[in-house]
Amino acid sequence: MASLNSVSLVLVISSCFAIAFGGNFHQDFDITWGDGRAKILNNGELLTLSLDKTSGSGFQSKNEYLFGKIDMLLKLVPGNSAGTVTAYYLSSQGQTHDEIDFEFLGNLSGDPYILHTNVFGQGKGNREQQFYLWFDPTADFHTYSILWNPQRIIFSVDGTPIREFKNSESLGVAYPKNQPMRIYSSLWNADDWATRGGLVKTDWNQAPFIASYRNFNANACVSSSSSCTQSSTSSSSNSWLNEELDSTSQERLKWVQKNYMIYNYCSDSKRFSQGFPPECSINTTE
């Protein structure tokens, strides 16, 4: 017999219907902080965040989403970006919030960025995986995507999956499924931890630091007080709702995790000396 939660979930999802938006930053986002350091340019087609010694900046989506596929093109801070963090994530609010994170940890010129990922369910995170990228993320725009459906969360870069987090509720692990989330992004100074554990500090002579965004696309359920409406900035269907990795995508995921993953909490036996978290048993590419 289906649980009340699963029945409610089906009812919410089944009430989705398609609405097309233009993918314009003026329409889809609000600048939330930075005192003028965040700018929407080119008739809403480009957004830039800036960081200097006084302040960083950030923005958030006007809509809240409950499941969907979110794409954004980012070009990260070039040159000596040590100490800076560019965060791009989905999150609800409160102590028991859900969250799906991309964070880009800056580095000295010539050293690679670290892409940090995390998933929170009911306020519990500590599920970090970190990667190097196989390209220079400061030279051009690249697409960073989050697929979030009731079965899994897939992080992708330029269409290549780098991480899959499967629904492990059967193992007692909270999964993001009931709390609508906004999209947030910010550029801020974190030189107490971001680069080599805080050993390398931000060089303010390089400021302002600038990250750029374009081509936002959400094929997703927009949450309202009573139902969920499918928002799409393209003509694509709601196939994301049941999407999973096919055999080719699974091989690409294994390639990334073998060659570019630099930290996986599910392999950190020193940190989890009493045993790995239960979801680790099903979130493996082996």
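Glycine is treated like the rest: Cβ placed from N, Cα and C.
The active site, nucleophile feature in TrEMBL is assigned to E99. Here TrEMBL flags E103 as active site, proton donor. The domain 'GH16' feature in TrEMBL is assigned to 19-213. The N-linked glycosylation site feature in TrEMBL is assigned to N107. Residues annotated as signal peptide in TrEMBL: 1-22.
Where TrEMBL records a feature, it is marked here on the structure.
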{"residue": "E99", "record": "active site, nucleophile", "Cβ within 10 Å": "18"}
{"residue": "E103", "record": "active site, proton donor", "Cβ within 10 Å": "19"}
{"residue": "N107", "record": "N-linked glycosylation site", "Cβ within 10 Å": "19"}
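A mean pLDDT of 95 is what the model gives for the domain 'GH16' (19-213). Distance noted between the C-alpha atoms of the residue listed as 'N-linked glycosylation site' and E99 (active site, nucleophile) is 25 Å.
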